Amino acid sequence: MVHSTAAPPPEAGDITRLCCLVTGLLKLPESTSMENVSMGSRSPPAPLTPTAGAPESLQGVGLPLQVFFCLVMAAILLLALLGNVVVCLMVYQRSAMRSAINILLASLAFADMMLAILNMPFALVTVVTTQWIFGDVFCRVSAMLFWFFVMEGVAILLIISIDRFLIIVQKQDKLSPQRAKVLIVVTWGLSFIVAFPLAVGSPPLHVPPRAPQCVFGYSVEPGYLTYVLILMLVFFFLPFMVMLYTFMGILNTIRHNAIRIHSHPDSICLSQASKLGLLSLQRPFQMNIDISFKTRAFTTILILFSVFTVCWAPFTAYSLVATFSDGFYHKDSFFQISTWVLWLCYLKSALNPLIYYWRIKKFRDACLDLMPKYFKFLPQLPGNTKRRIQPSAVYVCGEHRAVV
């Protein structure tokens, strides 16, 4: 005789556990796949690595903004490459252009040119694909090259600012072409030493898709934070303060000289001009010193400094906030913010050649002189002109016309 036994009713504890399980499944985030949830096995959490904070997929930017970024970036890349190549060729091919200041500008142009060759194309591809496809090793190398060329450009701009300060304020012309070459070698070496740890993963960088290239991301490691702070201090804050001090001193000197000249137009010393053979005085007559030769070169450097500040201050603030703020680094719009500030930095490399062409007549003439070699329909300009006097010399003007 078979006795049928009914299954025991579920206990209250079992019903409670079942309800909790169903409630938990209903509250899963949208990004969680149901096929990854099982009752019997659960995958261990991913290890915490420098890239663990970044999601595996990122929407990047919308299509219209992506097209806009690509067009602007391509224009910046071409302008930065071609413009800085022309600057380097002018200084290399024309002996009259190899003054100390022009050699420094050529070094700055070379750094910007290498940035356009070795960094901008890969960042452009990453904006198109919204993911880094060149591997972790090259990402670190690319970041090292980025900071290497950037710090070299800042160092050159700092040297030029100090040189203008010595000439205008201290009345000392210490920078010769030979010394300029030595300073260039030293700055390239120091920039490489500071940037090289990035290539070997110390500190580790955050690989995209969080940004168009390897960037500093959120971390709590003391060594990582220390390196970022030192890099930003050496790269931006210290040069900014030194250049700001030199420019304030130069502006004060120019303003003081202008007041003195307008107050005492008849008491002008012409001994230095006579030694240079700029004029020979047969009879005394009223003269005015043309101090525009001082202010124009200084104004050019001031424009370069202003462009540097506008282009790099946002990136510096962005890097610091991303390093110390977890919420900012994991924002949905972080990729868009990264793209804007990164290409604002690259814009500086494209603007520098335009500033040289606009502000420096010798660069403008040399540029037009080089063009007929490649564009035969343009007229040929006269040949080279040698540098006639030192930059610290006094330019003297006649009654209504300059004698130099």
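Every residue, even glycine, has its Cβ placed from backbone N, Cα and C.
The transmembrane segment annotation in TrEMBL covers 65-91 (among others).
The feature domain 'G-protein coupled receptors family 1 profile' is assigned by TrEMBL to 83-356. In the predicted model, the domain 'G-protein coupled receptors family 1 profile' (83-356) has a mean pLDDT of 83.
Summarising the annotation, TrEMBL assigns transmembrane segment to 103-124 (among others).
Listed by sequence, the residues of this chain that lie at least six past the ends of the transmembrane segment (144-162) yet keep a Cβ under 8 A from its Cβ atoms are 101, 104-105, 107-108, 111-112, 114-115, 118-119, 175, 180, 183-184, 187-188, 190-192, 194-196, 198-199, 213, 231, 234-236, 239, 242-243, 246-247, 301, 304-305, 308, 345, 349. Residues annotated as transmembrane segment in TrEMBL: 144-162 (among others).
Beyond its flanks by at least six residues, the transmembrane segment (182-200) meets 103-104, 107, 140-141, 143-145, 147-149, 151-152, 155-156, 159, 214, 227, 231, 234 of its own chain at Cβ-Cβ distances under 8 Å. For 182-200 (among others), the entry in TrEMBL reads transmembrane segment.
Long-range contacts of the transmembrane segment (224-251) within its own chain (CB-CB distance under 8 A, at least 6 residues past either end) are made by residues 147, 150-151, 154-155, 157-158, 161-162, 164-165, 168-169, 194, 197, 203-204, 216, 298, 302, 305, 309, 312-313, 316, 319-320, 323-324. Here TrEMBL flags 224-251 (among others) as transmembrane segment.
Remote same-chain partners of the transmembrane segment (297-320), defined as residues 6 or more beyond its termini with a Cβ less than 8 Å from a stretch Cβ, comprise 101, 154, 157, 160-161, 164, 168, 215-216, 228, 232, 235-237, 240, 243, 247, 250, 254, 337-338, 341-342, 344-345, 347-348, 351-352, 355-356, 359-360, 391. What TrEMBL records for 297-320 (among others) is transmembrane segment.
As annotated by TrEMBL, transmembrane segment applies to 340-358 (among others).
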